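For 12-34, 55-83, 149-168, 180-207, 227-248, 260-285, 318-340, 361-382, 394-415, 436-457, 469-495, the entry in TrEMBL reads transmembrane segment. Marked as disulfide bond by TrEMBL: C95-C104. Sequence annotations record features per position, and here TrEMBL assigns Na(+) binding site to S234, N266, L331, D334, S335.
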Amino acid sequence: PYVCYKNGGGAFLIPYAIMLVFGGLPLFYMELALGQYQRIGCISVWKRICPMFKGIGFGICIIASYVAMYYNTIISWAVYFLFSSFRREVPWARCNNEWNTPNCTTVNVAESNETNVKQNWTTSPAEEFFHLAVLEIDKARGLGDLGNVKWTIVLCLAAVFVMVYFSLWKGIKSSGKAVWVTATLPYIVLFILLIRGVTLPGSLLGIQYYLSPDFDRLWDPGVWIDAAAQIFFSLGPGFGVLLALSSYNRFNNNCYQDALVTATINCCTSFLAGFVVFSVLGYMATRQGTDVDSVAKAGLGLVFVVYPEAIATLDGSVFWAIIFFLMLITLGLDSTFGGLEALITGICDEWPKAIGKRRELFVACLLGYCFVGALATTTYGGHYVVQLLDSHGAPISILLICFLEAVAVNWCYGVNRFANDLNTMLGFRPGIFWRVCWAGISPIFLIILFIMSIIAYKPIVLDDYVYPPWAASVGWMVTCSSLIPIPLYMIYRFIFVSKGDIKQRVRHMFDPEEEPNHVHEITPLQPVYL
């Protein structure tokens with residue numbers, strides 16, 4: 001919902017729906033079908049499609065590692081909030097704490113007279129708790145001087161990685177059990193928060209803002225880029241998650257139905273979450289005597305400042321805080337399970353003897369690597385690093401990777417050939433809409449969005465801090481690091497792997513090396529579908 005808010009509320013739903021129909025859903029279906037038919041992870045699958053695109057798999061793994069480094073830190077912030085909520089009163093309810101400044105105020109603007117109207121220089125207790133107690137960002141000077149590591153955040157991050165490890169170490173068997181909790185609990189909490197939110201005074205104001213589109217925003221390329229990025233983050237095409245998880249399906253499983261049902265439920269859940277958040281934004285706007293669009297801060301402040309601030313004003317605030325942050329943690333764990341499983345499955349399938357047979361040890365080493373890489377995000381200035389990785393770790397490069405996936409499958413391998421594979425697997429061919437989207441509409445949309453994301457790029461800003469020019473260079477290096485493996489592997493394959501004259505070498509770049517094995521090589525502790 002914070003992405004929706006940032007892009008003008010209801011206006012964001014239009015590009016979101018368009019990206020879902022013509023971009024997200026067709027690619028979601030394509031990856032589900034590809035993984036289920038080929039029965040292998042994101043690196044090795046390209047040997048059976050178009051070998052020269054094997055670098056896509058390595059790029060996906062690099063993106064997954066970046067996301068794991070900063071996304072789990074965001075979960076650790078929620079863990080910190082959760083443990084801080086176990087007291088008689090949530091600590092961000094008042095301004096009498098040791099971390100508060102003289103600017104802190106709890107004035108209710110709607111009930112105050114003109115002389116007490118909240119000024120721009122004042123801050124709320126929730127804002128100061130997040131910045132000065134949780135992050136302690138005041139002890140950092142910027143991206144160039146992050147300060148020391150904050151050990152309480154490190155411990156929360158370690159707890160997150162421990163939970164992730166014991167959910168993934170046995171493969172689908174262990175993660176499948178974990179998601180029975182992490183995928184169902186958020187729905188219970190969402191409905192509880194929705195009922196409480198719509199009963200608050202002013203909630204309809206926020207919902208009206210949520211549903212009323214500002215059509216002028218549709219001319220902003222950033223809105224479309226964010227819509228595409230949100231769809232890709234939400235549905236997961238391009239991240240290798242669908243390839244990995246669908247490779248464990250039964251060969252004749254109806255993945256077409258899975259794609260429609262899962263994508264619909266996913267987007268309806270996002271839509272429902274918007275009501276939960278915007279009803280509270282309307283309440284806060286009414287309470288502060290201002291407009292909805294001026295209530296929330298952009299970015300993660302909506303989740304860690306505005307919503308906690310609203311919770312602090314409710315009766316039984318401790319209960320509402322606990323279930324809210326418990327929901328955030330379970331949602332975050334669900335996402336990180338999928339991303340890391342894509343990376344793990346891809347590498348284990350590429351090197352089954354050296355790594356696949358030692359999955360538990362490999363998962364431990366991988367999570368240890370991600371934990372060490374995430375330490376920079378646990379410093380006093382870790383929020384600056386999180387923002388940098390969030391802007392450059394995936395949203396730009398994933399667009400090009402999705403485009404190349406569509407090209408490899410539907411142009412090089414052939415959309416009709418792929419449709420015949422699905423006919424063999426499902427008993428029916430994909431309709432003309434899907435084939436047109438796979439071969440034409442989706443790739444065109446993706447490459448246009450990739451180009452627009454580069455042209456419309458703006459310097460990163462976090463609150464009042466403007467990132468220095470060298471930070472943009474570092475960010476683009478992060479973006480390029482997940483794309484460079486693609487041309488590097490093409491060059492490597494042409495020179496060192498392909499044989500014969502130039503024509504034979506080029507042909508060897510495109511011709512699949514092997515036929516699919518319809519029984520995925522899995523460990524004895526994973527479910528076997530024959």
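Cβ coordinates come from backbone N, Cα and C, glycine included.
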How about long-range neighbours of the transmembrane segment (318-340): same chain, 6 or more residues beyond its ends, C-beta under 8 Å? 64, 67-68, 71-72, 74-75, 78-79, 81-82, 85-90, 160, 163-164, 167-168, 175, 178-179, 181-183, 185-186, 189-190, 192-193, 196, 233, 236, 239, 241, 245, 303, 307-308, 311-312, 366-367, 370
Should anything in the same chain at least six residues away from the transmembrane segment (12-34) have a Cβ under 8 Å from its Cβ atoms, list it; otherwise answer none. 3-4, 45, 49, 211, 213, 217-218, 223-224, 226-228, 230-232, 234-238, 242-243, 246, 255-256, 258-260, 262-263, 267, 271, 402, 405-406, 409-410, 418, 421-422, 425-426, 430, 434, 437-438, 441-442, 445-446
Hey, which of the recorded positions C95, C104, L331 is the loneliest by Cβ count within 10 Å? C95
For the recorded Na(+) site, enumerate neighbouring residues of the same chain (Cβ within 8 Å of the Cβ centroid of S234, N266, L331, D334, S335, site residues themselves excluded), in sequence order. T269, G338
Do at least three C-beta pairs under 8 angstroms join the transmembrane segment (361-382) to the transmembrane segment (55-83), pairs 6 or more apart in sequence? yes
Selection from 55-83, 180-207, 227-248, 394-415, 436-457, the stretch that has most Cβ pairs under 8 A to the transmembrane segment (149-168): 55-83
By a Cβ-Cβ criterion of under 8 Å, what residues six or more beyond either terminus of the transmembrane segment (469-495) are in contact with it? 51-56, 58-60, 62-63, 66, 143, 388-389, 391-394, 396-397, 400-401, 404, 459-460, 505-506, 508-509
Counting Cβ pairs closer than 8 Å to the transmembrane segment (436-457), the top stretch among 55-83, 180-207, 227-248, 260-285, 394-415 is 394-415
With the transmembrane segment (55-83) as the reference, which stretch in 180-207, 227-248, 260-285, 394-415 has the largest tally of C-beta pairs below 8 Å? 394-415
